[in-house]
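Novice: This is the structure I have questions about; it appears just below.
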Amino acid sequence: MALLASMPDVVLEVDGMMCMKNCGSTVEGALRRVPGVVEARVVYELKLACIWGTTDAAALMDAVDMMGFDARAVSAAALQIQPSVTLTVPEMMCMKNCGTTITNALMRVDKVIEVQIDLGPKRVDVFGAVYPEECIDALDMVGFDAVVGAAAAPAAGTANPVRRPSEEDLSLELEQLTGGDPARETVTIEVSGMSCAACSGKVERALSALPSVEKATVSLALNRAVCVVEEGVSRDSAVLDTVEAVKDLGYGAEIVVAGANSDFSDKVSKEEIAQWRTQLAVAMACLLPLMGIHMGFFHPSSLDRPLHIFNLTFQKHMVVLFLLATPVQFGVGWRYYRNAYAMLRSGGGMGMDLLVVVGTTAIYLYSTCMLLYAGCTKDEVPPHHVFFEASAMLITFITLGKFLEAMARGHTTNAITSLLKLQPQTAWRLPNEDSDDPEEVPIADLKSGDLLRVEPGARIPCDGEVKDGESYVDESAITGEPMPQRKKPGDTVYGCTVNQHGTLRVVASEVGSKSLMSQIVRLVSEAQMSKAPVQAFADRAAGVFVPVVLTIALITFLTWLILAYTGAIPAEWMADDHDDPFLFALLFGISVVVIACPCTLGLATPTAVMVGTGVSARNGVLIKGGDALERMSALGAIVLDKTGTLTTGKPVVSEFHSTPELLHPEGSPHLHPNAVLAARHELLKAAAAVEWPSEHPIAHAIRAGALAQQLDITGAADGAVLVPGSFRAEVGMGVVGVRTWDGAALCAGKEELMERSGLMVPEAVKAKADNLRTRGMTAVLVGQEMVGVLGVLGISDTVKDDAPRTIAALQRAGVAVYMCTGDNGSVARDVAERLGIDVANVHADCLPGDKQATIRELQDKHGIVAMVGDGINDAPSLAQADIGIAIGAGTAVAVDAADVILIRSRLTDIVMALHLSRTVFKRIQLNFVLAVFYNFIGVPIACGVFFPWTHMRLPAAFAGLSMSMSSVAVVCSSLLLHLYRPPLVHVDGSIEVGAASRYLLCAGDIDRPDAGIVGLLTKADGPGPKGLGAVLFDKMRNGGALSEGYEKLPVAEDSANDDFDEELGVELVP
């Protein structure tokens, strides 16, 4: 977890600082005065200075040196620290008021560096040298109950394709313990009953003394112990020893299973809903009879008798109203009183709780005073002067709103909880390769290298490689792909995916929190915790909201009071209030107080970000937070790497031209069509034969091209291709060899190799070779001794199928598209022309540093710039760009530097990410409009602006109901993002939202020329979470009917190149 919201450009380690007030402030001031520095911040506890801007480290170090301190540049990884304490605060309702109060309270605790809040699972991360008890006491002082524990998803370890995390519970201690060796066995134990540092020290000493444990560390903050197993000792033995040792000390101990806390967030949400439900039930139990008596629906004659108490005479039904309203006011309403008091006491500002308290207390106290006044004077209380039902209704309606809001917000984290619940809890492990008798073991006991058996219909327990068996696996939980993927020995499988048909034996590679699913969950959790920059506007607005509302309420009360007492308004306006000017004015003021709602501003952004990042993950795109979403929505230009991003990165034979067809023009009577085909086949056979032993990528491409044409390369009975010892590679020119079955001396390479081999190269062949090179291909001439040059092959990197439509769609969306590559200019320009990229936007022959410089130039020109890449050389430019987009199948380094990860490595997902980010940002803007519009309309109505014409005043109870419903409306507005469906990207770049997903079904591999088209499959509402999953696939492959909602349409045989959402080359078994 990053200590700071956005990573600084330069981090300095500063020696010599003795305090923050003087030394730290001096360093900050010196750094901020350096030209090019946007912001500087000193983290005194870490002795670090963080600088944002364009100034280089040398100038910054000189500025610090001038102040008398020593400084040196360090990696930004120094800021990647774990929280010292993680708390869950169930009563935290909003970021503005509750969040500010909690942050202020914790920041006053000595040695706290930073506080980060995740409103969804009610999580608070505290950074610094502090104990949990200090944080809990600080929150208790401001009226919040807190428990140690996190509702976050389990952190992940290192595994491609998702970036290495900065923590995994005790990751810093764990890395120190293991020396950074991920292969070391560890045991993690949940220890209960520790209450202080002495407890954790005692447990740590006991564990370290065990023969089976090499090192141990215990965290009081997390109530966990991590032990490194001694080499040569089995993990099972260490588990038994460590658990027994902890229990012998009198503490509880449980082995931590990867993902064991997966239901914690759901549990916290359910507890919160249960609390509000209970409060609502109590309020309703009092309110219903209270309203029955007040409205006359339930009014027995006994209630009309006077009640004498201490020489005071009361109307009995008024006392009953008082007794029913009091539990609601101070029982159900106690939470609002406590929170309001805590905020005022801590200096955390004024929030919704204070408005509720002021409004309901005013009504309740006024009614109570009128009741006591009547009891003392023995006068009858006018019914319209007692409003116990109003205060009870107000608190009940607000509690109803909070209950509905809690239920709605519980759905915002569905993306994480639904993913976590896919993790199986046990696996079937085989003791050895020869055994067929597996044992069922907990997921926690799995380790890399275990051999597992996965039956049909079971979820694969961890990432691994198929050792035996073939099957189809539903990977929709990971990639969102609708069709099952065929798996055979050597293929990679992922945890949480479903084996559908055959039995598989899988060798575990990444287990527990290192699995791809665990890392996806962690990334989504961190993304949902981040704050979008636009939320700063909401924080500033909400900061002055409550004082302004109270001021308006006071002005409203005084204005109507003065108008009423001076006779400036007609007396009949006060008829409903028995001509009481004070009551008349008071009710206007109370309506203003209770109708205003600051929570809508605080909920507008985080709820949309939480739902949006969850939706993107469900569709195969990981967006790391609200800031990335906001920047993506304002994208001005995008820079794409060529190799591996726009192209497949695998060379293929794009063209092959035989010498006879080059020497004779098309239609020449000297060349029969069959002769052309024979010459081409002979060219490919000779090229594949001489390249057969080579491991060069071009050799792979030539052999694959010949095999695709189903040509017999060997020609010999024993299968040998070249005479042993005849193959020789001529460095920089090509290869030579002697074919086995006919003794032909063959060569393949450049013109120089042909001439060295005594073969004359015809001018037509030279011209074609030059033409191929001009178009960005590699020209390979093929010759045979005593025959001559057979022809020339054009080898090129193929453009990805979805690249042209992606480029067109981005350009249609107003995004300038650039290509930046290390390849030469001719190759880059050829690819750009095929993709529709303006040649002027091509930057070739670029080193990693050149790519960074190019992005900086484009940022000055276009503003927000994204970079798409997949390799280690792309990592610096991904970090330089405003938005780094990594191809999921690329390197872990590139993924680590990215803000957006394309899990499926599908370029059209860039269009989806752009479309979704703009959709989410529009939803945030809509939420702000709803919040502002509600308050701009509601407050004037409550003030009585329209009263002179309508003679109708907004009742306080309904004002409170409106306030509660406004928060529910904003949350529900964000929840509507769950209905989002990725757009279809057509060949011309146009996108179609909400259209039917269309799939071209082929018998066999779609890439093979003999693939037979079966038909077109459509589904009107898109693939959905399961899409074309197991049931549909089973029916198709067995010749059965399609699932409900799908339609199979006939298509023409030449439709393979038509515009389809996806081409599914599945093998349909009769």
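All residue numbers here begin at 1 and follow the chain in the order shown.
Cβ coordinates are placed from backbone N, Cα and C, and glycine is handled just like the others.
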Novice: Which residue range, 139-157, 386-404, is the one TrEMBL calls transmembrane segment?
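Specialist: Spelled out, TrEMBL records transmembrane segment over residues 386-404, not the other listed ranges.
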Novice: Please spell out the DSSP helix, strand and coil residue counts for the domain 'HMA' (8-72).
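Specialist: Per-class counts: 26 helix, 22 strand, 17 coil.
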Novice: How does the model score the domain 'HMA' (185-254) in terms of mean pLDDT?
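Specialist: Here the mean pLDDT over the domain 'HMA' (185-254) amounts to 76.
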Novice: Can you see whether the transmembrane segment (541-562) and the transmembrane segment (582-604) are touching - at least 3 CB pairs under 8 angstroms, only pairs 6 or more apart in sequence?
Specialist: yes
Novice: What stretch in 318-337, 582-604, 956-977 has the biggest tally of Cβ pairs under 8 Å against the transmembrane segment (386-404)?
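Specialist: Answer is 956-977, with the largest number of Cβ pairs below 8 Å.
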Novice: For the transmembrane segment (318-337), what are the same-chain contacts with Cβ under 8 Å, counting residues 6+ beyond its ends?
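Specialist: Sequence-distant neighbours of the transmembrane segment (318-337): 91, 279, 282-283, 286-287, 289-290, 293-294, 303, 307, 353, 356-357, 360-361, 364, 367-368, 371, 374, 381, 386, 388-389, 391-392, 395-396, 398-399.
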Novice: Is the transmembrane segment (956-977) packed against any residues at least 6 beyond its ends, judged by a Cβ distance under 8 Å, and which are they?
Specialist: 352, 355-356, 359, 363, 387, 389-390, 393-395, 397-398, 400-402, 404-405, 408-409, 411-412, 587, 590-591, 594-597, 599-600, 603-604, 607-608, 610-612, 615, 919-920, 923, 926-927, 930-931, 934, 938, 942
